[in-house]
Amino acid sequence: MAGERRDSKAAAFFCLAWALCLALPGFPQHVGGREDRADWTQEKYSHRPTILNATSILQVTSQTNVNRMWQNDLHPILIERYPGSPGSYAVRQHIKHRLQGLQAGWLVEEDTFQSHTPYGYRTFSNIISTLNPLAKRHLVVACHYDSKYFLPQLDGKVFVGATDSAVPCAMMLELARSLDRQLSFLKQSSLPPKADLSLKLIFFDGEEAFVRWSPSDSLYGSRSLAQKMASTPHPPGARNTNQIQGIDLFVLLDLIGARNPVFPVYFLNTARWFGRLEAIEQSLHDLGLLNNYSSERQYFRSNIRRYPVEDDHIPFLRRGVPILHLIPSPFPRVWHTMEDNEENLDKPTIDNISKILQVFVLEYLNLG
């Protein structure tokens, strides 16, 4: 997760300004020198979820298994994986293999590019997994899979970034696996509105700074992909709309896995979607589906607001994409230390947040 400048008030104000000016519905956006936009690009602002009832929630949560996720997805990712390292390649192959093996039929693409870093030119590779590339609109769930680069330690320890962001990666893979049946149905649906709304999972490379957080040494993968999507016509063959405009909502996961996280509201224009997370959390609690949980330690807190922090959403925010940033405040105490490892993860918390996210995704995609 992003670096040393994230607590800067100036950076926070800059991000907030973008949030208020660019991300608000109806703010003019220029595509090919024109301001006119197809009606479908406005549908995100009036989109309504299908609220799951208790029976559906019980069914969804019964499909997920945190122990299986831990063994099959988290352990393979809990290795040193800074850009260009052998671990980075291994994790990338694991993510692609897991998604390609699902029945839903994901289109899994590797977006590889080179960028200048403090250590010279490095190769980066984002992973983009799209359920239905022909759908006009996509809910995006994203995280970064790289780990921060540290010089070799005298004690031989390496930084594995458990919360930052191995756990979010594993949660996204578990979401795709446990919801495979429902997502297969969505993929096969040929009737609107389901045919025009789908899911995209993005795993960014190069989120972390190599040396010191700066506009040029950070967010390598998200900066590159946002620029690429802004210049790629969407739907295919379109002349006035692009892939950026096809993003309904950009949900970014980061620093998840420590006990008792508090997620505040960072962007007011997506507060209604944050409210759904809060409501889902309460519903799961009422149904007795959250483990080692106390309502006094609520995760999603709409009564708490914080200035935005710099992360992979920034290049998309600057292009007018609505952002739902799921990052705790304060950060976990192990942030950017060698202690951000498996030993300091809290399995019940991860299981609980994973369930909440899965219900949220189904509701957003109207798969109730």
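Positions of Cβ are set from backbone N, Cα and C atoms, glycine also.
Site annotation (Swiss-Prot, ligand Zn(2+)) includes Glu208, His336; from Asp164, Asp180, Asp248, the additional listed residue is Asp164. Within 10 Å of Cys169 (disulfide bond), as judged by C-alpha distances, the recorded positions found are Asp254; the full candidate list was Asn53, Glu207, Glu208, Asp254, His336, Asn352. The Cβ of Asp164 (Zn(2+) binding site) has 29 neighbouring Cβ atoms from other residues within 10 Å, across all protein chains displayed.
When the alpha carbons of Glu207 (active site, proton acceptor) and Asn352 (N-linked glycosylation site) are compared, the span between them is 26 angstrom. Contacts of Asn292 (N-linked glycosylation site) defined by a Cβ separation under 8 A and a same-chain sequence distance of 6+ are given as Pro348, Thr349, in order along the sequence.
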